[in-house]
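Engineer: From TrEMBL, for reference:
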- 8-35: domain 'CHHC U11-48K-type' (DOMAIN)
- 42-69: domain 'CHHC U11-48K-type' (DOMAIN)
- 81-94: compositional bias 'Polar residues' (COMPBIAS)
- 81-104: region 'Disordered' (REGION)
Amino acid sequence: DVLDPERLIQCPLVKHHQIRARRFPYHLVKCKESNPEIAKKLATCPFNARHLVPPASLSDHIMKCSDKAFVEQDVVSQSCEPPQEQLNNGSTWQAPPCVEDWET
């Protein structure tokens, strides 16, 4: 199950590391610090920072990334909704036109 926090995930830096899903983000930070030479050889997916792939296959990964749909869906839903300020404010009041003439 993809949502199971206890499932084991293979570390992209050190292949024999098996980490529980709930600890995976913390492991990646520590593992990158411990293995800077390996980390330099991997590129980070723009849709999910947990996806580390060789730079040569990054464009292929981006095309197939399962998290791409979540980001695109989020962008579409934000563009269809009115700005949050308008929702919270609720007021349509506008200042009356100014009738003062400062030149006279």
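We count from 1, first residue shown onward.
Just so it is clear, glycine is given a Cβ too, placed from its N, Cα and C backbone atoms.
Where the annotation comes from TrEMBL, it is an automatic prediction and has not been curated.
Not measured: the values here are computed from a predicted model.
Could you tell me the structural context for the features on the list?
Structural biologist: Break the domain 'CHHC U11-48K-type' (8-35) down by DSSP state and the numbers are 14 helix, 6 strand, 8 coil.
Long-range Cβ contacts of the domain 'CHHC U11-48K-type' (42-69) within its own chain (Cβ-Cβ under 8 Å, at least 6 residues beyond either end) map to 12-13, 24-25, 28.
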